[in-house]
Amino acid sequence: MASKQLSREELDEKAKQGETVVPGGTGGHSLEAQEHLAEGRSKGGQTRKEQLGHEGYQEIGHKGGEARKEQLGHEGYQEMGHKGGEARKEQLGHEGYQEMGHKGGEARKEQLGHEGYKEMGRKGGLSTMEKSGGERAEEEGIEIDESKFTNK
């Protein structure tokens with residue numbers, strides 16, 4: 001196989017060694033087992049989402065994220081996010097990952113409207129490796145209207 005994609009046999013071997021090779025398949029001891037676990041978890045999530053409604057389901061996810069953040073501490077939580085981003089980048093490839101970021105930016109622009117997006121860009125442009133944009137704006141007396149950051 002000339003592509004970077006692993007064959008089913010190679011993935012099955014990795015799964016048998018304890019590696020998760022299917023997103024959502026954690027705990028499965030073969031490729032097939034991981035596929036079944038992932039499918040079941042996905043269906044279970046959909047059912048729960050239907051029961052709770054969109055807002056309720058989002059709230060449950062938010063609470064779970066907060067609990068995980070508390071368990072791991074700030075650095076651990078950041079590291080987990082970084083690893084997740086790297087894994088997603090690997091899945092999508094460079095162009096796909098850039099496209100995802102572009103779509104996210106466009107969606108955010110739509111949510112905030114032109115003025116809010118522009119104001120957020122001003123703040124982001126002030127940030128450095130040492131200080132956030134908010135800290136720099138405060139130090140330099142630059143007015144940032146964060147009320148514009150709310151969704152339309």
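Count begins at 1; order follows the chain as displayed.
Each residue, glycine too, has its Cβ placed from N, Cα and C.
Keep in mind it's a predicted model, so treat the numbers as computed, not measured.
Per Swiss-Prot, compositional bias 'Basic and acidic residues' is recorded for 1-17 (among others).
Marked as region 'Disordered' by Swiss-Prot: 1-63 (among others).
Per-class residue totals from DSSP over the compositional bias 'Basic and acidic residues' (32-63), listed helix then strand then coil: 32 helix, 0 strand, 0 coil. For 32-63 (among others), the entry in Swiss-Prot reads compositional bias 'Basic and acidic residues'.
Residues annotated as repeat '1' in Swiss-Prot: 44-63.
The region '4 X 20 AA tandem repeats' annotation in Swiss-Prot covers 44-123.
Sequence annotations record features per position, and here Swiss-Prot assigns repeat '2' to 64-83. The average pLDDT the prediction assigns to the repeat '2' (64-83) is 96.
With a cut-off of 8 Å between Cβ atoms, none of the residues of this chain six or more beyond the repeat '3' (84-103) come close. Taken from Swiss-Prot, the feature repeat '3' covers 84-103.
What Swiss-Prot records for 104-123 is repeat '4'.
Marked as region 'Disordered' by Swiss-Prot: 116-152 (among others).
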